[in-house]
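Under the heading compositional bias 'Gly residues', Swiss-Prot lists 1-10. According to Swiss-Prot, the feature N6-acetyllysine maps to K5, K9, an assignment based on similarity to another entry. Residues or ranges marked as N5-methylglutamine in Swiss-Prot (evidence: similarity to another entry): Q106. Annotation comment: Swiss-Prot describes S130 as phosphoserine, evidence class similarity to another entry. Per Swiss-Prot, the feature region 'Disordered' maps to 1-24. Residues or ranges marked as site 'Not ubiquitinated' in Swiss-Prot (evidence: a curator's inference): K120.
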Amino acid sequence: MTGGKSGGKASGSKNAQSRSSKAGLAFPVGRVHRLLRKGNYAQRVGAGAPVYLAAVLEYLAAEILELAGNAARDNKKTRIIPRHLQLAIRNDEELNKLLGHVTIAQGGVLPNIHQNLLPKKTPKSGKGPSQEL
């Protein structure tokens, strides 16, 4: 018996690489896989399902954070707060449809004034053609 840390693996084996890094993702594929197994969504979970779900979650997070960052910059802030998330989601048609039933704590509401409540515009009399005969 030889002493060492090989543990029965081939001597030329590569270093361990996470499934997230193999897929080029920042979201944890292993954790998503564990949550899919423990959540009783199905008896069995395929190998590609957690990778795909982690990629979708990462894309959604990136999309929302980009729009929220733009909202924060428009308000001359450097930190994203729940209000910026609310503005980002409600001003985007597809995200609003996806997250329409979601309540964001401390998000506030969108600024909106009904047309009937706005002051009436009065026609200006002046340089128009004369109505006299």
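Here the Cβ of each residue, glycine as well, is placed from N, Cα and C on the backbone.
Counting every protein chain shown, the number of other Cβ atoms lying within 10 Å of the Cβ of K120 (site 'Not ubiquitinated') is 5. The Cβ neighbour count for Q106 (N5-methylglutamine), using a 10 Å radius and every protein chain shown, is 9. Taking CA atoms as the reference points, Q106 (N5-methylglutamine) and K120 (site 'Not ubiquitinated') are 34 Å apart.
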